[in-house]
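Report on one structure; see the data block that follows.
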Amino acid sequence: MRRLRRLVHLVLLCPFSKGLQGRLPGLRVKYVLLVWLGIFVGSWMVYVHYSSYSELCRGHVCQVVICDQYRKGIISGSVCQDLCELQKVEWRTCLSSAPGQQVYSGLWQDKEVTIKCGIEEALNSKAWPDAAPRRELVLFDKPTRGTSIKEFREMTLSFLKANLGDLPSLPALVDQILLMADFNKDSRVSLAEAKSVWALLQRNEFLLLLSLQEKEHASRLLGYCGDLYLTEGIPHGSWHGAVLLPALRPLLPSVLHRALQQWFGPAWPWRAKIAIGLLEFVEELFHGSYGTFYMCETTLANVGYTATYDFKMADLQQVAPEATVRRFLQGRHCEQSSDCIYGRDCRAPCDRLMRQCKGDLIQPNLAKVCELLRDYLLPGAPAGLYEELGKQLRTCTTLSGLASQIEAHHSLVLSHLKTLLWREISNTNYS
């Protein structure tokens, strides 16, 4: 014990020779303070890591809840047997950024997948933080027993009209949903199958995946069980999901986000190819088969890409249908335009006379994406391209006015940007 005390004394209190201590008495105190500060910060980081992990990463809770409902016959789905009976769905890295939306990387049928599951009800009570929760069956309460397939079809169509708008393409989407619900191909939709699909439709991202399933830049849906679903593996580029602790992500300044993206991101020509894919995704969101969609959180966190540097939207949670945004904003009480915001950056004007928000957005998707691309593309851009690219991006970011009234200008600016980038990387290995 005496030897241990002497060792601690030597490390903490005697870092310098006695002669040096005599000449610089203040250094010893500073050294001790620095060491203890390091110990404190390290302890805090360990505490944050484990507390945030236990709060944000509750895949085991999600699996217990889903499999409990499956064994009771309340829900079903194409991955239920593999998830709950055969244990063939492997949960790997936790990527969750909010307790209510569990996101994990995983492996299923020898494919890299992303596992997503909502457990809002399960997290409401703190009485059993580590035990399997008794989830109330609020999510799986519709449709009720006795509902006919015709009634379920009408119910689904009404839901889609409310969220996507009254579009002529919706009946075809309803047919696809019913086909997906009949995962065992027995030509009938059971109550458990209907409950599962209805619960999935309440998930914003799942509805977006269905609406954008034919688009190149959205992840493909692979299977589901209840309201848990699997998509293609998380694309490259979502580096902060693995590098940063989930609790620290919101604390990181946007400037540091951008710097890290440039340091750890791909070479400039690959970034140009990814940017072209992002611009194509903006086109896909504008007047598609199922209406217009708005990007309501435009950040580098969502700029994902495949192994061949083709753009993939990393997260569709903050992409919203026009009808949903309008319903939320129109008629909402406001004193100024800052009161009329959906998500993070979908803003509408405030009618100060009526003190109500209007339904049309001020800034289109393209203007927000171009703001993002200024930080993503200009650093490291070729000298001969830098000035023209900067000019095009500045023009793009100034797009304003009602999003529904700028279609022609929107398309022209977008086309010019894509052409400029393609010209730079065409006839090279990067194309």
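Yeah, the Cβs are placed from backbone N, Cα and C, and that goes for glycine too.
Computed over the topological domain 'Cytoplasmic' (1-30), the whole-number mean pLDDT of the model equals 52. Look at Swiss-Prot and you will find 1-30 tagged as topological domain 'Cytoplasmic'.
Taken from Swiss-Prot, the feature transmembrane segment covers 31-51.
Per Swiss-Prot, the feature topological domain 'Lumenal' maps to 52-431.
As annotated by Swiss-Prot, disulfide bond applies to CYS57-CYS94 (among others).
Annotation comment: Swiss-Prot describes CYS62-CYS117 (among others) as disulfide bond. In the three-state DSSP assignment, the secondary structure recorded for CYS62 (disulfide bond) is helix. CYS62 (disulfide bond) counts 22 other C-beta atoms within 10 Å of its own C-beta, drawing on all protein chains shown.
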Rounded Cα-Cα span from CYS94 (disulfide bond) to CYS62 (disulfide bond), Å: 12
